[in-house]
Amino acid sequence: MGAASCEDEELEFKLVFGEEKEAPPLGAGGLGEELDSEDAPPCCRLALGEPPPYGAAPIGIPRPPPPRPGMHSPPPRPAPSPGTWESQPARSVRLGGPGGGAGGAGGGRVLECPSIRITSISPTPEPPAALEDNPDAWGDGSPRDYPPPEGFGGYREAGGQGGGAFFSPSPGSSSLSSWSFFSDASDEAALYAACDEVESELNEAASRFGLGSPLPSPRASPRPWTPEDPWSLYGPSPGGRGPEDSWLLLSAPGPTPASPRPASPCGKRRYSSSGTPSSASPALSRRGSLGEEGSEPPPPPPLPLARDPGSPGPFDYVGAPPAESIPQKTRRTSSEQAVALPRSEEPASCNGKLPLGAEESVAPPGGSRKEVAGMDYLAVPSPLAWSKARIGGHSPIFRTSALPPLDWPLPSQYEQLELRIEVQPRAHHRAHYETEGSRGAVKAAPGGHPVVKLLGYSEKPLTLQMFIGTADERNLRPHAFYQVHRITGKMVATASYEAVVSGTKVLEMTLLPENNMAANIDCAGILKLRNSDIELRKGETDIGRKNTRVRLVFRVHVPQGGGKVVSVQAASVPIECSQRSAQELPQVEAYSPSACSVRGGEELVLTGSNFLPDSKVVFIERGPDGKLQWEEEATVNRLQSNEVTLTLTVPEYSNKRVSRPVQVYFYVSNGRRKRSPTQSFRFLPVICKEEPLPDSSLRGFPSASATPFGTDMDFSPPRPPYPSYPHEDPACETPYLSEGFGYGMPPLYPQTGPPPSYRPGLRMFPETRGTTGCAQPPAVSFLPRPFPSDPYGGRGSSFSLGLPFSPPAPFRPPPLPASPPLEGPFPSQSDVHPLPAEGYNKVGPGYGPGEGAPEQEKSRGGYSSGFRDSVPIQGITLEEVSEIIGRDLSGFPAPPGEEPPA
């Protein structure tokens, strides 16, 4: 290490780390016997104190004592102020040699070697003599946790009684050795070099004997010994101990009689291999320097830590931060001792220096330790919580000499007075900068400009104030980055003038009773201020590029007499003032209708925003692969269109012979790269006439005889012969039956839709009707329609079709001549005849047997169905069949504008 004796011999670290023999007990009043010269060369020997009165409590290594001119390292003394303590030496190191120690019985010298570390001593005046009489008492009256080490008068000067060169911390010493500790001739560079050399030798010695952790940082080191280690028997608890315990704590054997001076060393101190101890290690303090001597009081000694058996080892530190190490503004004023949680990111000491804040506070012996993070600082008081509205429920009545400021929240209605924005501005307006020309007045959403009206007062003209306000979630106030801009010109109809109120530009207009106290705001634009000019203001915290939304704020003061006014205020919807082009895109919010015939020609009305006079509406269709298949521009009616409404004519679809609805899309374009999102639209197929179908359409009846007329009266699709007809897919028949085809149905079974008008060859496309899908509904009975070609009378046999119907109401066909009575449950042929045209709005498409039918109908007949019953044909002839056919043809109603068939 360095020269520690007059013979410049090296200190032997083996004995320091527990390799020497047991030394005889030390005398109570002086030093113990020196080491035998033949056993070992002059070396360090630790003189340990007696176990503390709290029984096997760890002994903390205190700081070195303050220097006293002309004396050697006195015992620690309490400071005058309670709760603070002056430095204490760590322990005595007895050097073997021919010289005798001060007050010692032998020739050994005692060297106070605080952990073999170099540390700074804050020179302060000697403590008061009144406190020297009780060196073992704490300021709070509690006994000291450990006694001072033996031979407290170490640190001999060079050439002293024992002779030899050794450390001298006293400023009064005149040693010129570079190893003299803080001597007059020492400098900081020499101290740092000594620290580096001592630390390297300590690390080498510890690694040689394996007495410590190989980890570099003591705070990250594991336990320096295991619980089975006999040295751990002297610890106060079996809990895990951090490496700082091995640096800072000494253990003592079992309880022994307490004594102010120890009788003999009771254990060896162990060191961790590397790293820096916590603040209790007497390392060079950042606060202690050569240039600061005499400027600061001595730091207090570390307080012993009462360990919590359940607390983890890395949190066990010894040493209380001196009150001087905490800034005055953050010093804790309470009398409680708090322990700050260690920070893993704290750097280790460098050259014997510890970072500020590395010292830990401890509680008095026996007290529980409080680990509260951040207790080095006073709690910051919470900011004052302002109410959301400063006036709360106060009435908006003010004196004319003390009008409310612009950031004062005001209601829009008070009693009968109300300030209302009749027409709101649109949601986007491009504000202009100070270096460019005006971009015009703020526009309204439906076109034109905003309109403001005062309700409940029309006695005399009033002044309407307008300014640009904020649009965030906070209280309404003047906007810092935008101001109102006065617009003038031939097209401006509203007179206005500018004023400045509390640094905010205000536009003032007049509300006239002849205008119903309304004003058209066509004279107000928005001016954008430079962000840098505003952000550099004192107290401004907003950022300009993030505050681009504003509101138009209108305020009026209505006089009430007696020098009082009622102030009401109204704010518009938020307005986006940025120059982003996305805000200028047209938007379609609604449109009607949503479907049209493929022939087009219908009027389509679009509602949205940002529509221009030259806006276009384009219909497109894309294929499954996404390729454009059809594109057509619609014709826009400019006379009926404005900024929020577009009226146009739907164009024709490219294919007019579609049999199902076609999905297309349209969009509004304000120019290149300014298109609205696409909207869906449907083109529907149209109703068309067909040529008369062949006789195969009349299939489904047993007879193969031809009809006496060539007109197709079958309103149902062609169907196979009767045996397979009941098993048809009902979804194919539903569109037609839903329109009322198949009207000869008993009321017991439901049927939907009105009866059709007679039109030859009329057929609707299935896609224009709602289908029921392929789900099989409950089966119902269905009566086929009779035809004159049916030789069996067309009484209609019942068979299951499986279609849902609603129950119809009965109707009365024209009366027929009397005929033989009918036996059977089925109605006569006349039951399925349609009504004349004037009867459609009154009755349904059919009726059941004997329900609403005249007596002639009930008695007519003489024939029966040949399908389901065995009633024989009685007395029917071919002439009667022809007569019935003629009556049937004359009974069909004619549609409007057409003559019935002859």
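Using N, Cα and C of the backbone, Cβ positions are placed for all residues, glycine too.
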Listed as phosphoserine by Swiss-Prot, one of Ser142, Ser168, Ser281: Ser168
Record-annotated phosphoserine (source Swiss-Prot) among candidates Ser213, Ser806, Ser819: Ser213
Swiss-Prot annotation, SUMO2 cross-link - which of Lys14, Lys505, Lys689: Lys689
Predicted model, mean pLDDT over the region 'Calcineurin-binding' (114-119): 58
DSSP residue counts for the DNA-binding region (430-437), split into helix, strand and coil: 0 helix, 2 strand, 6 coil
